[in-house]
Number of protein chains: 4
Amino acid sequence: MPTPRRAALHRVPMRHPGDTAAIEHLITTGRLDPSGIVAILGKTEGNGCVNDFTRAYAVQSLTLMLARHMGVEAAARVALVMSGGTEGGLSPHFLVFTVEAGDAPNPAGALAIGTGFTRDFAPEEIGRPAQAEAVATAVHQAMEAAAITEVHYVQVKCPLLTTERIATAGASVATEDTYASMGLSRGASALGVALALGEVDAVLPEDIGRNWKRFSAVASASAGVELERCEVIVLGNSTAWSGDLAIAHAVMQDAIDLPAVHRAMRLAGLPAEDGQLAPAAAERLVAVLAKAEPSSTGRIRGQRHIMWDDSDINATRHARALVGGVIAGAVGRTDIFVSGGAEHQGPDGGGPVAVIARRALPV
Amino acid sequence: MPTPRRAALHRVPMRHPGDTAAIEHLITTGRLDPSGIVAILGKTEGNGCVNDFTRAYAVQSLTLMLARHMGVEAAARVALVMSGGTEGGLSPHFLVFTVEAGDAPNPAGALAIGTGFTRDFAPEEIGRPAQAEAVATAVHQAMEAAAITEVHYVQVKCPLLTTERIATAGASVATEDTYASMGLSRGASALGVALALGEVDAVLPEDIGRNWKRFSAVASASAGVELERCEVIVLGNSTAWSGDLAIAHAVMQDAIDLPAVHRAMRLAGLPAEDGQLAPAAAERLVAVLAKAEPSSTGRIRGQRHIMWDDSDINATRHARALVGGVIAGAVGRTDIFVSGGAEHQGPDGGGPVAVIARRALPV
Amino acid sequence: MPTPRRAALHRVPMRHPGDTAAIEHLITTGRLDPSGIVAILGKTEGNGCVNDFTRAYAVQSLTLMLARHMGVEAAARVALVMSGGTEGGLSPHFLVFTVEAGDAPNPAGALAIGTGFTRDFAPEEIGRPAQAEAVATAVHQAMEAAAITEVHYVQVKCPLLTTERIATAGASVATEDTYASMGLSRGASALGVALALGEVDAVLPEDIGRNWKRFSAVASASAGVELERCEVIVLGNSTAWSGDLAIAHAVMQDAIDLPAVHRAMRLAGLPAEDGQLAPAAAERLVAVLAKAEPSSTGRIRGQRHIMWDDSDINATRHARALVGGVIAGAVGRTDIFVSGGAEHQGPDGGGPVAVIARRALPV
Amino acid sequence: MPTPRRAALHRVPMRHPGDTAAIEHLITTGRLDPSGIVAILGKTEGNGCVNDFTRAYAVQSLTLMLARHMGVEAAARVALVMSGGTEGGLSPHFLVFTVEAGDAPNPAGALAIGTGFTRDFAPEEIGRPAQAEAVATAVHQAMEAAAITEVHYVQVKCPLLTTERIATAGASVATEDTYASMGLSRGASALGVALALGEVDAVLPEDIGRNWKRFSAVASASAGVELERCEVIVLGNSTAWSGDLAIAHAVMQDAIDLPAVHRAMRLAGLPAEDGQLAPAAAERLVAVLAKAEPSSTGRIRGQRHIMWDDSDINATRHARALVGGVIAGAVGRTDIFVSGGAEHQGPDGGGPVAVIARRALPV
């Protein structure tokens with residue numbers, strides 16, 4: 001019988017997108033074994049849109065720092081998923097996921113992590129079924145490798161089209177609007193997750209970016225200019241893993257669905273008082289990951305929102321600020337991973353929310 | 001004994017800042033007697049900063065509409081307080097406050113409204129004690145006129161300095177930074193309310209915009225380019241008024257103080273489920289009014305926020321989106337009056353939140 | 001023989017979008033006979049995009065002011081064309097066009113003005129050939145009414161799609177992206193001008209917003225949320241008109257085509273020194289009208305521009321600032337009417353520039 | 001007699017702030033000897049304000065690339081000066097300055113480059129005369145080392161105050177606002193250049209950041225957190241250097257002073273046609289360096305600009321777009337180094353403009 005694995009998670013702040021000092025401090029003080037790092041998610045303070053270079057800057061900084069401690073080759077195997085945009089009160093931070101040798105498997109299930117990668121895409125594949133299908137394959141590979149049967153969150157980092165890339169395309173691209181390409185790429189990625197998990201049967205060209213009834217309840221995709229393939233991180237619980245962390249999720253039906261956040265907290269064993277995570281349980285909250293997007297209808301519960309009509313602030317920036325506020329109210333902290341652009345990730349205007357927490361000690 | 005008055009409140013959407021059709025529809029269908037209108041608060045979709053002309057546009061549109069139904073002179077007596085900025089999910093809307101003849105006074109206390117105005121200020125008075133003292137006088141006049149002893153919310157609309165106005169000043173102005181002038185004007189106004197209510201003993205020049213320990217727990221000030229005086233609306237409960245509306249308030253200690261919102265809801269008789277206003281009580285919620293601002297420390301509960309360092313989106317826009325999200329999560333709707341720039345309005349980074357609700361029928 | 005008409009033009013500043021005082025001052029001091037006003041163009045300081053309410057606010061303010069001096073009905077016949085966006089150094093201003101009785105016709109040709117209007121469009125017509133065809137008809141009507149045979153500038157103000165309007169459409173709309181709708185509406189309008197002037201033979205659905213080789217060399221269209229029809233103002237020279245004003249134009253081949261601006265100046269009789277309008281001739285410059293847009297290639301003379309990839313500032317805002325700089329350098333003043341969104345108005349990345357000047361006195 | 005030196009300059013595009021491939025291509029194809037690189041100026045596409053991380057990202061990327069070709073120590077000696085902001089049509093690019101062995105000195109004078117450094121400053125010296133005086137000394141040292149007698153451009157990279165540095169100060173600091181310290185440090189640096197060149201007699205504490213009549217006609221300063229001293233790059237002509245490059249400058253009196261740009265071009269031997277650099281001479285233009293800032297008066301030649309009152313776009317962004325347009329019109333290209341923040345660098349609202357060109361071959 002193989003040694004069970006144990007997943008751990010460090011949440012640390014960054015002072016700017018190139019600041020990896022908090023992670024390095026964990027390494028140099030012996031609290032984080034760099035060889036166990038499988039993925040780092042980062043919430044960086046750019047605009048989260050086309051010209052957000054904070055993601056690439058953070059990736060370059062992390063790669064340099066990891067290479068110093070792990071060597072260049074090992075560092076290159078760590079999945080780095082930067083999501084730009086800390087609007088409202090969101091606080092820039094890194095989530096460092098590690099896998100190490102555990103002791104006894106947790107029969108109640110423990111947090112398990114699997115990762116996968118697609119090939120590089122041609123510009124003309126982005127935002128189309130070919131991308132979704134490659135993502136589905138990568139999700140399956142990640143699940144198998146990690147023996148996950150109960151999936152609660154799938155993070156996909158995907159490419160986008162820039163004016164430069166469009167010019168090199170071998171065939172017509174899904175859109176020539178670089179900003180729109182981010183949505184199509186996220187949407188195709190999410191439908192790839194849905195395909196992998198049986199939430200949809202197939203991904204048709206006309207679904208992507210149009211048919212919002214088709215979505216995954218656990219997908220979270222973010223697009224960045226710094227990569228040409230998709231990177232997949234699957235989070236779930238597994239009885240083959242050890243440790244006291246567990247993950248749960250719920251689906252926000254709209255951007256102000258605070259009860260869904262409460263449901264996810266409750267499923268993760270976290271109690272609330274006066275609407276907010278009870279102070280006594282606050283230290284057991286390890287991470288919150290959620291998606292945000294403006295409803296395509298221009299309304300939230302019947303009231304008009306102005307996200308689509310605001311030509312000064314991108315709609316995704318409004319949405320992250322809003323959902324960040326709803327969730328920060330629920331959990332009482334702002335270093336939560338809310339990423340924008342939730343096309344096919346939860347229902348129109350809503351999105352998945354996942355909570356990772358330490359199980360309460362039996363009294 | 002004089003006839004008791006009754007305050008009523010209509011909350012209606014606007015499709016754009018010049019759209020007063022929803023109010024006019026109430027008038028023409030007989031549900032709103034224009035002669036009773038004392039104040040209209042509007043949440044318009046501009047940037048809420050120096051070049052936000054949606055406020056002036058809404059004021060001009062309201063004035064024209066009211067003049068058609070009330071005559072020019074009566075229309076000019078209605079206090080019009082437009083607050084720009086519907087970031088995140090906030091929905092542009094008007095709150096129309098009316099006072100009409102009531103029946104028996106409500107011994108439990110009923111919503112009461114008083115209004116007051118200062119003189120026009122010289123540019124060099126803005127953001128200085130002279131402004132605060134004039135506001136305090138106006139608050140006292142409004143309270144006396146309405147027999148309010150329990151004050152829960154004081155809205156002050158105040159002027160700002162523009163490059164043009166600075167050029168006409170007769171003496172040195174408090175600041176030559178037009179954007180900064182909005183904060184000083186709001187701050188002086190709020191300290192004026194605090195002075196009126198005994199929350200501070202005096203307003204010193206060095207307090208304004210600096211000493212954040214001095215604040216009012218019920219003030220809400222917003223600055224606009226369209227006026228040169230301060231307009232004051234005092235909301236409270238009075239046993240001399242009739243009706244089933246009541247107002248309550250709490251103070252958010254920081255931007256994510258969801259428990260304070262719950263407290264205000266509870267004091268107004270509104271129950272919550274899973275963190276959100278219970279659906280069965282939803283129709284009894286009449287209005288929510290709150291202030292939002294970025295903490296001056298750059299942190300929320302120890303975590304860094306980026307509001308002050310973002311040179312693309314003004315800090316107040318981030319703050320409104322955030323607090324709008326926290327409150328919308330609590331009340332389950334987005335047409336809430338969250339205004340930015342909470343200098344001396346509640347503690348640093350926090351602010352007052354007031355809830356107006358219909359009392360539950362006794363079972 | 002009918003009395004010849006004479007066109008005149010007043011250029012006045014505005015302190016904010018609701019400030020019509022400079023025009024009113026001309027009226028009350030007898031320098032402007034309101035009954036002669038046929039059109040007012042305004043460059044207002046909004047973002048020039050979807051949520052630019054400075055245009056509607058200016059229109060409302062102008063309408064009120066004109067009604068005071070002309071009566072409501074006459075005021076309603078004045079064409080009001082507000083173009084939002086004074087990025088870079090552009091200065092907010094109004095151009096007031098008047099037509100009055102002249103003396104002898106100018107055999108060299110004098111500035112002549114014609115106006116026309118289309119019907120209101122259904123949402124599904126916007127950005128489609130039906131819009132172009134209606135514009136062409138309106139251009140012909142305006143030319144005939146003003147006896148213009150030499151057309152130098154055609155201003156079209158056209159509607160856009162908002163989330164609200166899309167919801168009321170009776171059929172599928174050209175785009176559901178409100179911002180994109182502005183470009184399609186401007187493009188359809190410009191192709192309508194091209195159709196009227198024989199610059200194209202027909203307007204096909206696939207041309208609009210795609211085939212940038214088809215354009216008008218004299219069209220200038222701007223879209224605004226405040227109207228549902230197109231308003232057309234044709235400027236040209238006519239030997240049937242009197243006066244010493246004349247108009248000339250050139251086509252900027254790209255955004256930095258300063259030589260084209262010089263060509264237009266020269267054709268209008270204005271000399272330059274060291275690249276800029278000669279001081280001695282400066283007072284003869286009456287107005288400059290131009291279009292600006294980012295090249296669709298992402299490049300200007302081979303060098304990359306970042307207008308399309310900047311998610312913080314809209315591409316049209318960059319373009320207006322840039323072209324405003326080029327032209328302000330040429331003419332030595334900043335109250336020039338540079339409007340954004342030059343789809344099918346001049347070649348890709350370029351646009352028409354028209355100069356109105358007083359003819360030099362013979363020496 | 002020592003071997004004369006020759007200065008050379010490569011201007012290359014960047015596709016994003018981390019893209020140093022064009023420089024690397026010059027190195028690997030043998031056209032650029034990395035050992036000769038003394039300085040790299042970069043115009044990156046961030047917002048040029050507080051949260052512009054494109055500068056640090058470009059510096060990190062350049063440092064990595066240079067270290068690969070020169071070794072870490074030599075790379076550290078290259079002065080890297082990144083200026084954020086490519087608004088309007090400005091094109092992101094690098095200017096790579098090299099010094100190598102030349103042949104015969106050019107008796108007409110050739111471009112010469114000198115560098116100098118001050119000591120580290122105490123926090124209380126920053127933004128004060130002590131800083132200016134040290135900069136003046138460094139300018140003199142750089143001039144002597146490079147035998148420059150005719151100075152046309154002085155780039156100063158200067159420190160700023162951080163919260164940490166303020167805490168270690170031995171006396172009160174010039175400002176406790178860290179952002180304001182950037183402007184004071186730039187201003188003190190520019191006045192230091194003015195002092196070195198005899199443009200001012202002395203630098204008084206009350207001049208810095210206040211008395212805009214005192215300025216240098218050739219200074220360009222930028223502040224960065226990564227250094228505690230000032231680094232100075234002096235560009236001028238010297239008869240001791242060889243090569244056919246020469247530099248000239250003029251001072252724009254305001255943002256639309258196109259004649260000043262023409263003057264600088266003419267002094268650098270570049271002819272114009274129709275206001276723009278003549279196509280036949282275009283290849284001789286090597287670089288343009290200029291400063292841009294909004295006039296503090298809110299006006300340009302009497303007309304209002306909206307730069308200070310626009311709360312959506314920072315004033316420096318407007319100014320760069322505007323001045324970029326004026327200069328691009330003059331030189332017919334957009335990869336020009338226009339940087340913002342021109343305190344005491346040219347007159348209020350204006351700034352220096354320097355042109356580097358290859359001398360025309362004698363016919």
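Using N, Cα and C of the backbone, Cβ positions are placed for all residues, glycine too.
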- Please state which member of A:R15, A:R186, A:R263, A:R284 TrEMBL lists alongside A:R55, A:S83, A:G84, A:S222, A:A223, A:R320, A:S339, A:G340 for binding substrate. A:R186
- Go through A:G84, A:G340, A:G346, A:P347, A:G350, the listed binding-site residues, and name the one with the sparsest Cβ surroundings, counting other Cβ atoms within 10 Å. A:P347
- A:T316 (site 'Important for substrate specificity') versus A:G346 (Mg(2+) binding site) - Cα distance in angstrom: 15
- Taking only the recorded positions A:K157, A:E293, A:A342, A:P347, which one has a CA atom nearest to the CA atom of A:R320 (substrate binding site)? A:E293
- Item | Local backbone state of A:K157 (active site), from DSSP in three classes | strand
- Item | Helix-strand-coil residue split for the region 'RU C' (A:245-363), DSSP-based | 33 helix, 37 strand, 49 coil
- Item | Those residues of the chain, 6+ apart, with a Cβ under 8 Å from that of A:T316 (site 'Important for substrate specificity') | A:G48, A:C49, A:G85, A:A292, A:E293, A:P294, A:G340, A:G341
- Query: Using DSSP, how many residues in the region 'RU A' (A:1-103) fall into helix, strand and coil?
  - Reply: 33 helix, 32 strand, 38 coil
- In sequence order, which same-chain residues at least six apart have a C-beta under 8 angstroms from A:Q345 (Mg(2+) binding site)? A:R186, A:A190, A:F215, A:S216, A:A219, A:S220, A:A221, A:K291, A:E293, A:G351, A:P352
- How many Å separate the Cα atoms of A:G84 (substrate binding site) and A:K157 (active site)? 12
- Note on the structure: Ordered by sequence, the long-range same-chain Cβ contacts of A:A342 (Mg(2+) binding site) under 8 Å (at least 6 apart) are A:R186, A:A190, A:S220, A:K291, A:A292, A:E293, A:A319, A:G350, A:G351
- Item | A:S222 (substrate binding site) and A:K157 (active site), distance between Cα atoms, whole Å | 5
